[in-house]
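Right, one structure below, let's go through it.
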Amino acid sequence: MTGTKIDGKVISQSVKDRVKKAVEELKNQGINPCLATVLVGDNPASATYVRNKHRACEEVGITTKDHKLDASTTQAQLNEIIENLNNDNSVHGILVQLPLPEQLDEFTTTSRISPLKDVDGLTPHNAGLLAMKKAALVACTPSGVMEMFDYHGIELEGKNIVLINRSNLVGKPLYHLLLDKNATVITCHSRTKNLVELCQSADIIITAVGDRNKFTLTSDMIKEGAIVIDVAISRFQEKLVGDADYEDIIQKASFATPVPGGVGPMTVAMLLKNTITAASLSSQIGK
């Protein structure tokens, strides 16, 4: 029996609809939600991602400020721009597009962003709050995955979940979010020795390897009725693919996300939601 496709385009639109209403409410209070983006260099993929984020903001009524910097920008120069945005009361969210040129340090850069404007959820402050169940701004992809579970009414309590990623952007924040839902989470990575066996016993598999030459999730690696969330995206044999062979696993899984059209749209939608949250926080602090 074929499983159910978790359609990120449909779910992300439902998030955008809610955000659009929230934007209207904030504007009625005299607050104009604004996202500032910072792009360093001329990486074509990064430029495309930023354009997509600006387009999504326009759809829901969020104002954007675009800062394009030369690839030779120094750390001191980038720090100064971030500090200026931190002090700009008209800006509610700050997003520095990653990756950065090699002369710039990602940790130093993200640490400079005000936690109240950290719409990517990457500052050490917000990462710590997440571990303590107190974060208002959470990394967009992990929160997008959680939104997918909520949309389909998928219960996480007591579930055995294999999470194949340990990055600061996906694996670590998602681990905390799943743990908060009383799931049993096993984090796997490139040094995990019994990955296939762990996957075969999992109720839910969330995979974000991003290299089909190294890893492909197939139906023989999952149990009947498992749920598969594919966070990865890469180009393989001239196609955009995830980690999972979707057409194969959907014959065995109860739910699965396609690539493209799965988790990807959710990441942008949750960025919009975080921007609204940040704007709301700023209005509360200003009272």
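Note: Cβ is positioned from N, Cα and C throughout, glycine not excepted.
These numbers come from a predicted model, not from an experiment.
Together with Asn165, Arg166, Ser167, Ile233, Swiss-Prot lists one candidate of Ser143, Ser190, Ser201, Ser280 for binding NADP(+), that being Ser190.
For Asn165 (NADP(+) binding site), the same-chain residues lying six or more positions away in sequence with a CB closer than 8 A to its CB are Gly171, Leu174, Thr187, His189, Ile206, Thr207, Ala208, Val209, Val231.
Least packed by the Cβ count within 10 Å, out of the binding-site residues Ser167, Ser190, is Ser190. Long-range Cβ contacts of Ile233 (NADP(+) binding site) within its own chain (separation 6+, distance under 8 Å): Gly210, Leu240, Val241, Gly242, Val259, Pro260, Gly264.
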